[in-house]
Each structure stands twice: as structure tokens, then as C-alpha cells.
Amino acid sequence: MPSSSFTTGLALGAGALVGANAFVAPTAKTTNLRAPTQEASLQVAASQQTEQPAPSTSALPWAFGAGACLALAAGGQRKQRSAIAQGRATVLPTASPVVRRALDQSSRYADLSLSEEQLIANGKHVLVSYIMKPKAGYDYLATAAHFAAESSTGTNVNVCTTDDFTKSVDALVYYIDPENEECKIAYPNLLFDRNIIDGRAMMCSVLTLTIGNNQGMGDVEYGKIYDIYFPPSYLRLFDGPSCNIIDMWRILGRGTTDGGLVVGTIIKPKLGLQPKPFGEACYAFWQGGDFIKNDEPQGNQPFCQMNEVIPEVVKAMRAAIKETGVAKLFSANITADDPAEMIARGKYVLAQFGPLSENCAFLVDGYVAGGTAVTVARRNFPKQFLHYHRAGHGSVTSPQTQRGYTAFVHTKLSRVQGASGIHVGTMSFGKMEGDASDKNIAFMLQDDAADGPYYHQTWEGMAETTPIISGGMNALRLPAFFENLGHSNVILTAGGGAFGHKDGPKQGATSCRQGEEAWKLWKAGVYGSVSLSDGVIEYAKTHEEIKGAFLTFQKDADQIYPGWKEKLGYTGESSVQAASFDWKKKAAAAAFAGSSTQARTVGVQMRHGYDDVATNTFYYDKRLESFGQQEFFNQVGYLPDGTPMNTAGNLTNHPETIGPDPHINGSELPQAVFVNSIGYLPDGTAMNQAGNAVNHPETMGPDLHMAGSPLPPPLKGYLNDIGYLSDGTPMATAGNLSNH
């Protein structure tokens with residue numbers, strides 16, 4: 001009896017025999033065929049079929065043989081079937097003589113009498129402006145109406161379930177300009193999905209309707225969003241940013257108004273560095289710069305795992321802050337497919353940065369990971385700067401792409417979603433695709449009211465999103481960029497501009513800061529009525545770092561600063577010393593336990609919980625644990641003998657990490673509590689009582705750990721790198737050796 005697979009093969013063979021009159025044998029000509037459109041494909045296929053002889057009975061042996069072969073193939077291994085399939089050419093069916101036309105729905109989904117001004121005044125519609133072109137032979141209004149129908153309540157036929165309410169939420173075409181391919185559609189606010197947990201709006205619903213199925217319609221050549229307007233009542237349902245560059249300025253000690261350029265970089269190479277070299281690169285840049293970000297593909301690669309590289313970054317930051325006296329910032333990539341993974345990454349990073357947590361931003365690849373990832377970060381970590389990276393956006397936003405939406409629309413949506421900052425390219429002043437008019441993107445992100453290509457958007461106090469400029473920028477390109485934009489209140493991430501500088505990343509970072517200063521001095525008239533380029537050259541004569549940028553990026557210098565060699569007296573040599581840094585010095589530097597704003601008091605700066613005003617009680621918040629770090633800090637608590645925890649054990653084992661005790665004798669001790677889930681001292685004292693029995697009896701809580709029950713998970717236990725007790729016992733085993 002034949003096997004089931006062989007029987008299946010015979011059936012396939014019979015199918016091939018029956019279909020012998022319907023298809024032609026593949027030829028080399030069809031193998032290389034590339035069809036740009038379906039209609040063209042069908043026409044080519046039809047012309048090729050006319051070249052073939054009509055099937056006859058002589059084809060039957062061939063068909064039967066093919067059927068037998070198919071039977072054997074089906075009865076063989078999967079690998080054999082794959083090999084046969086790969087060897088076959090695609091055969092196209094004969095073109096159908098029937099030309100399908102879309103249902104003309106303009107009587108329902110179009111109302112050209114509607115006034116845009118009135119639609120905006122009513123505030124009940126999201127307005128979207130498209131560049132849309134129907135395919136040849138299709139009426140513009142009918143296609144636009146079909147476009148609106150497919151984007152809202154309709155389909156390609158009338159359905160019996162439609163009622164009056166359904167029609168009341170139809171999307172409506174209210175303006176067309178066929179000659180310029182312009183089409184505007186009004187979407188009722190009620191169409192868009194809302195959260196069931198809090199009633200808030202969701203961007204995925206906006207995109208599903210406005211840029212969803214309409215991108216694949218058979219009667220549309222292309223359609224692309226060029227502007228979108230959100231009415232105030234609907235805009236308020238989105239999160240918007242929770243922090244932005246103002247918070248960075250505050251951390252950097254620059255106030256909250258016109259704090260200027262945040263000089264940043266991307267660690268280069270973008271991939272391939274292991275943890276320690278990565279930390280070294282951070283330390284080197286922070287000698288002159290403010291801000292470092294993970295590049296968008298950096299995360300948790302096997303050769304550079306987060307639990308190894310983040311501690312190196314923290315060490316580098318502490319050392320750089322101590323040596324420069326200036327705060328530093330880092331943006332850690334927490335992008336992942338799984339929201340739980342994103343949250344886990346974020347919590348881990350915050351635990352490692354501890355009291356420097358406010359100096360840490362979270363980077364999310366917002367385009368490739370989607371709006372869900374942006375919202376996960378925004379809602380779970382509202383106190384962190386949400387760094388929106390747009391890698392991949394060019395596939396839909398590029399001017400060369402006629403579908404999707406523009407870069408302007410993309411960045412506008414990021415503000416609505418809650419991005420603290422988003423990359424905006426370089427407005428044609430760097431290597432990325434763009435135009436000088438892209439400054440309107442920055443205006444839409446930062447102003448409370450701004451004009452887009454088609455709509456005037458009022459933000460009603462929604463926090464601004466900070467433009468992040470990157471892509472081929474260096475000190476020489478910055479002055480003209482600032483002049484085009486009109487200000488320098490942006491974040492710069494110059495990878496090559498810093499690490500490509502001939503004298504190293506410290507000088508590269510400093511040169512970028514000098515590029516901003518040179519522009520400001522020229523703007524203030526310090527150099528008289530000379531051109532901007534001549535003003536920058538005058539500045540460079542007395543500033544070696546930006547002069548080094550001229551010597552490094554000579555092609556840029558030739559293009560932007562004609563005659564710079566003669567004006568700077570360039571001889572081919574540079575007086576700038578090569579940058580260097582000592583990793584051992586960095587590793588041995590005293591840990592900087594403070595945050596970045598020295599004006600803050602220890603009591604405010606080091607709190608790790610919250611006060612219940614009603615009961616005047618301080619509650620410890622595990623989410624703000626700071627002592628799970630490389631050393632103890634005195635704000636956590638004191639041992640029973642009064643020894644601050646930043647010196648306990650470290651006095652014997654790690655003297656290089658001991659910093660000054662900021663607590664003033666006689667003043668109120670920092671009110672934080674050890675919780676018993678952390679561990680026990682060797683004498684059995686639970687850590688929620690250690691020291692507090694003497695210094696903070698009012699904060700002592702019950703010991704929640706039951707004898708014999710499992711200890712808390714490792715991440716909430718002591719880790720070896722936290723520190724040592726005075727007798728040398730590592731904190732991972734302190735107390736547990738005796739008690740557990």
C-alpha cells in the first residue's frame with residue numbers, strides 16, 4: 001500500500017496533469033523577469049505566453065512524468081522538496097480582461113463644502129494632509145473618497161450593517177487639489193481607540209487609520225502624510241514629554257533658560273567594544289563633553305553585556321565628575337521586543353547609577369520598536385529623559401519615498417507620544433539627508449505654537465521635545481547650523497566629530513563647545529562686521545581645540561571657510577597635544593557619591609523614599625535603592641558604632657573609594673532605612689536595624705523575614721561589588737554566613 005506522502009504526491013501529479021493546459025513551461029526569459037507593477041507583469045506574461053506553442057496531447061507524457069516526479073518528491077525528505085522549489089521559476093497567470101474599478105463613495109466620504117477653519121474651531125476632528133495620486137484612469141475625488149472610507153468606516157462595497165451613527169463617524173475628504181496631488185481628510189476624534197485602564201489616547205490607533213490600509217490600495221499610486229493637526233481636546237489625551245533639555249540644564253548647573261548646547265557623542269565604534277574599553281572611551285570624552293549615548297544597536301551583546309558595561313560607565317562617570325567638577329549625562333539603550341525586558345533593563349540601569357540616576361537617560365529606538373516601546377519607557381520611567389532614536393525612519397520619511405509620512409510628521413508625533421528628545425538630522429549641515437528648511441521641525445518640537453506645511457498647531461502648554469542633532473557634525477559645521485536655526489538650545493551627538501578629532505575625544509568635545517561660543521561671539525558683534533566664517537577663524541586663532549578641528553576636518557574647512565589655511569597660518573603642524581587618559585587613574589579615583597548640582601543639600605539629594613505627611617513617617621522605596629552599587633554611601637545609614645556606611649569595610653579593603661562624609665556633626669542624619677531583605681550583619685542584626693537602633697530608632701520597622709524561609713532574590717541581596725565590612729567579609733555573605 002503506498003505511503004500517505006506518496007499518495008499526496010500522486011495527487012499533486014494529477015494536479016499538474018490537469019493544469020497542463022492552463023500554464024506554460026518556465027523559460028529562462030521568465031526567470032529573469034522583474035515586474036514593477038502588477039499590470040505590467042500581467043502584460044509581459046501574456047505576451048510571453050503567445051510565443052509558446054499551444055498545448056497538445058504530446059504534452060501529456062511530459063505532464064504525467066512531471067506528476068510522477070512530484071509524487072517521488074512529496075514522498076522524499078523536506079530538504080529534497082526545498083531544493084526542487086528553489087530551482088523553479090515563477091510563472092505568471094494570463095492577464096484578466098476585466099478591469100476592476102473602486103466603488104465611487106464620494107457622495108458619502110467627501111464633503112468639499114467643509115471649512116478647514118470651522119473644523120479646527122469645532123475641535124472634533126484630527127486633520128491630515130496627504131500628497132496622494134490615483135493610478136491612471138481613476139477619478140481623483142472618487143479615489144480620495146475611497147481612501148477616506150478605507151481609513152475609517154468603509155470598505156470597497158456597501159454593507160447592510162451600516163447605520164446613521166456609523167455614518168456620523170465617517171472620515172471626510174474636505175479638500176482636494178488634483179493638479180498638485182493634495183488631499184485633506186478630517187477624521188472624527190471618536191474613531192480613535194482609547195485605553196481601557198485610563199481612557200488615554202494611543203498613537204498606534206492614529207497610525208492604523210491615517211496610514212494603515214490606505215497604503216496598499218489598488219487604485220492609489222501613492223499617498224504620503226505631509227502634515228497632521230491634533231485638536232486640543234484630543235491632544236490632551238496623550239502623555240507628552242515629562243522632561244527635556246531643561247532638566248539636563250538643571251543637572252549641568254546652567255539654570256532653566258537658554259542653557260545652550262549639550263555637547264554629546266556616540267561611543268565609536270558603534271559595535272565591537274568590550275566593557276572596559278567602552279568605559280575608557282566614556283571617561284575620555286567626559287573630560288571635555290557633557291553627554292554620551294549608546295548607539296542604537298548597542299544593548300546587551302554577548303561580548304558587551306549590560307551587567308558588565310554599565311558598571312564601567314558608572315565608574316567612568318563618577319571619576320569624570322570628580323575630576324572636572326561638572327555633571328555628566330549618559331543615555332542607556334533599553335530597547336527590546338518585550339516590554340518586560342525594557343522595564344528590567346531600565347530598573348537595572350537605575351540600580352547601577354544609584355544617586356546619579358537623574359544623570360541617566362533612556363534611549364528607545366522608537367521607529368523600529370514602535371510607539372508601544374516609547375510609551376512603555378515614558379510611563380514606567382517618567383523621571384528619566386526619554387531619548388527617541390529614529391533609526392530606520394528613512395524607509396518611509398525620505399523625500400525619495402512616496403508613501404508613509406515625512407520626517408516632519410514623524411518628529412511631531414514623537415512629541416505627542418512623550419519623547420524628551422528626538423534625532424532630527426542635521427538640516428543639510430551634516431552627512432544626513434535633509435534641508436535647511438528642516439528647522440521647522442525644531443520649531444514644531446520646541447515652540448508652544450508653530451506652523452507646519454499645512455496646519456498651525458497649538459500645544460497648549462505641552463512640554464517641548466528637544467532636537468538632537470547628529471550625523472556628520474563637527475565643530476566646523478556647528479556655527480552655520482546655529483545661525484540657520486537661530487539658537488543653540490539643542491543636544492549634539494557628534495561621534496566622528498569627537499572621536500575623529502586629531503587630538504582625541506576630549507579636544508573633540510571641547511572644539512564643539514567652542515564652535516557654539518564662536519557663533520555666539522560673532523552674533524554679538526565681537527568680531528565686527530565680518531562674515532560668520534571669518535569670525536570663527538578669528539576665534540580659532542586663540543583656541544587650540546577648534547583650530548585642531550580645522551586641521552582634522554580639512555575638507556569641511558575648505559568648503560565652509562575659504563582661505564582658512566592662510567588666515568590661520570597653517571604649516572602642516574599642530575600645537576595641540578595628543579589626548580591621553582590613564583585608566584588606572586580613573587579606576588582609583590574617589591567615588592563621587594553626589595549628584596551634579598552642588599547647591600542641593602544632602603538630605604534632599606540622597607533621599608530614597610517618600611514622606612507620609614499625615615504620619616510624619618519616612619517610607620523606604622525599593623525602586624530608589626542606591627546602595628546596590630560599587631561602594632556604600634553614608635546617606636544610606638550608619639553602623640551601630642556611628643561609622644558611616646561609605647567607610648564601613650572600605651576603610652580596610654577599599655580606601656581608594658572613600659569620599660568625605662558630608663554629614664555635619666549635630667545635624668539631622670539622613671533619614672533612610674535598611675530593609676531586612678538586604679541581609680544581616682555577622683552578629684545577626686537585621687540590616688533594617690543596623691545603626692538605626694542607635695541613630696534612627698524612629699525608622700525601625702519589623703523584621704519581615706521569617707526564619708527558615710527563602711532569602712529574597714539575588715538582585716535584592718548583597719553583591720560582592722557593594723563593599724566589605726571592616727573585618728573583610730564581603731557584603732554578599734555578611735551575616736548570611738552565620739544566619740543563613
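Quick reminder: no glycine exception, Cβ is built from N, Cα and C everywhere.
In Swiss-Prot this protein carries:
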TRANSMEM  56-76  transmembrane segment
BINDING   N213, K270, R390, H423, S470  substrate binding site
ACT_SITE  K268  active site, proton acceptor
MOD_RES   K293  N6-carboxylysine
ACT_SITE  H389  active site, proton acceptor
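The Cβ of R390 has fewer other Cβ atoms within 10 Å than any other of the recorded positions K293, H389, R390.
Recorded residues R390 (substrate binding site) and the residue listed as 'N6-carboxylysine' have their alpha carbons 14 Å apart, per Cα-Cα distance. When the neighbouring Cβ atoms lying within 10 Å are counted for each of the binding-site residues (K270, H423), the highest count belongs to H423. Residue density at K268 (active site, proton acceptor): 17 other Cβ atoms are found within 10 A of its Cβ, drawing on all protein chains shown. It is N213, among the binding-site residues N213, S470, whose Cβ has the fewest other Cβ atoms within 10 Å in the structure shown.
Using Cα positions, the member of the recorded positions N213, K270, K293 nearest to H389 (active site, proton acceptor) is identified as K293. Between the C-alpha atoms of the residue listed as 'N6-carboxylysine' and K270 (substrate binding site), the distance comes to 10 Å. N213 (substrate binding site) sits 40 Å from K268 (active site, proton acceptor), taking the Cα positions as reference.
Each residue contributes its Cα atom, and for S470 (substrate binding site) and K268 (active site, proton acceptor) those atoms are 13 Å apart.
Straight-line distance linking the Cα atoms of K268 (active site, proton acceptor) and H423 (substrate binding site), rounded to a whole number, equals 18 Å.
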